[in-house]
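The domain 'ABC transporter' feature in TrEMBL is assigned to 32-289. If you look up TrEMBL, you'll see 370-391, 403-424, 444-469, 476-499, 505-525, 534-552, 588-609 marked as transmembrane segment.
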Amino acid sequence: MTTLTLSPPRAHGASSASSLAYQSLRVKPATIAWKDLTYDVKLTRANPQTGKKETIDKRILDGLSGIVRPGEMLAICGPSGGGKTTLLDAIAGRIDPNRKGRKFMGDVLVNGKLRDETFSMVASYVQQEHALQTPFTVKETMRYAADLLIPHSESTPEERRARAENVTHVLGLDSCSNTIVGDVFRKGLSGGQLRRLSIAVELVRNPSILLLDEPTSGLDSAAAENIMSHLSHLAKMGTTVVCTIHQPPSEVWANFDKFLLLSRGKCLYFGAAKNAVDYFSRMGYPCPSQSNPADFFLRLANTDFEGHADIELLAKLFKEEPEGMALTSALARPIEHAISPASHRNGFMTQLMILSHRAFFNNARNPGIFLVRLVMYIMLCLLMGFMFWNLGHGPTDINSRVALLFFVAAFLVFMSVAVLPFFIVERAVFLRERANGWYVVPAYVLASFFMSLPGLFIISLVSTILVVLPAGLNGFGVFLADLFLSLVTAEAFMCVIASVVPHYIIGIALGAAVYGFFMLCEGFMKVKNDIPDYFIWGYYMAFHTYSFRAFMVNEFEGIKYFDSPQFHNGKEVLVFYNMEDHAVWKDLLVVGGWAIGLQVLFGSILQVFHKGKR
Ligand SMILES: Nc1ncnc2c1ncn2[C@@H]1O[C@H](COP(=O)(O)OP(=O)(O)OP(=O)(O)O)[C@@H](O)[C@H]1O
């Protein structure tokens, strides 16, 4: 590993104690370079003159090149819509070039080699929106990150813990280490602390390259300055830092080594930040004294308002000026340091163990995932228990038993839609972690699946006790097994929905619609033989069918006598509902099979479609 010298901290929030902590953040050096990145998209819009729809090509990145070496911090600046985030995404490989209507060209090189799938082992990307698990404290979040990201074969638990604490300290999070991230139920960290924690979790494995999208947006100037000074220190310890920044205050500007000014996807300047004022002065745009240079450059680049520069001309001139030529010759020498082999990831079983541990406590402590649902089920089942108290064997009791079982199979399953918003929050965490190479998809899916089981079992057990005992239903064990498997399947179905919808409101609507249809088809509203041919596929497809039938057979098969002119025993009820001669265990197997099938589908959707590319 190349040793880099430690510069004394010059930042707010960086004491000499933390300067020692920074020393442990020395990284394996890596240079990142990009050459001629060009990105075109096809847009459909109404022609302003004719009003007719037409397709136009929009160039979002226009032949951009750059290079950032270990120990440097590059700020990508530009007006809103200038292409900053798109460039950062392009550098990180987060643009899907294969989507229809897109054309992406150019190369990204890491240490002189084309970026490949090992990129996430050397680079971390901190996105603008935080995506962290809400019930965990800063300390817990950092420990899980360290356990997941630092190879266990190369570290002891104590070393991982020490590293997590060190990064927490470096990013000034000691004072809130026992504060939870927070959510709609509970207040947690402030915006600035969340931003720092988002950076800290990625730093825990010492990424050689750190990419950050707008690390200071939404923060007050003191918090912004604090974060930028931390980043500047990291750069001084050898990390290659690239960040986009919308409008840096002058204190923040002072931290940049390199500066890239973008306008409409074109490069107006790339080079040493300290030389930018001279450069633009030479180009005929002197920065007024007492002005913040960053504000001045942004005014030049912002074509939405009066007073901007001639963008086409500046972009053309840059390539011909010494700064542009210096960039071209720097790109010809992509590496100026020794290259160390990249670290490796933890194995599947290690990932599974840590993710399972994390998922268990996340579920247990997230009120939306467990507690609120448990209370909902308890309340509803209490109502059901009292409503159907001590059912007998008269004609109306037959109806009540069937209706109660239908309600259990339909509505208790339906209530699983309540968990959808929390799954969508989880999806954002998964996307961030997967895109940064934290683990493989099967480890995540298996851990989430296994760890959902204890909570669902408790909900099923409590519900069974509150329904079966007061109502006097038969077959407690099978009822419990059927309800448990149905809820496991319903939850797997919600996972699938959460993985395909853009917003939880659409997910709830979609889930409700599918469940509504399955309820129609499950053999209660219409018995199987009466379901029209064109809907019979719904009967076979709905897992509700098998769940309801298992409840029915479990309940009625053993009843030898009914005091009713229509049905003399339970068997006759089953014949009426076309459910005779069905083995309960087979239906339970089908429901369980559905759960596994849906989990496999969920994992496949994550694997193929959720790579963190846009
Ligand atoms: N896939 C796409 N299809 C169509 N337009 C796109 C696509 N991706 C980006 N754009 C457009 O490209 C431009 C640059 O977007 P980008 O998000 O990179 O800007 P930005 O400089 O980061 O802006 P901001 O500071 O507001 O975040 C915008 O006009 C955006 O609408």
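Quick reminder: no glycine exception, Cβ is built from N, Cα and C everywhere.
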Quick one: mean pLDDT on the domain 'ABC transporter' (32-289)?
90
Hey, does the transmembrane segment (403-424) touch the transmembrane segment (534-552), meaning at least 3 C-beta pairs closer than 8 angstroms, sequence gap 6 or more?
yes
Stretch among 370-391, 403-424, 444-469, 588-609 sharing the most Cβ pairs under 8 Å with the transmembrane segment (505-525):
403-424
Range from 370-391, 403-424, 444-469 with the greatest count of C-beta pairs under 8 A to the transmembrane segment (588-609)
444-469
Residues of the same chain, at least six outside the transmembrane segment (370-391), with any C-beta under 8 angstroms of its C-beta?
363-364, 397, 400-401, 404, 407-408, 411-412, 415, 418-419, 455, 458-459, 462-463, 466-467, 469-473
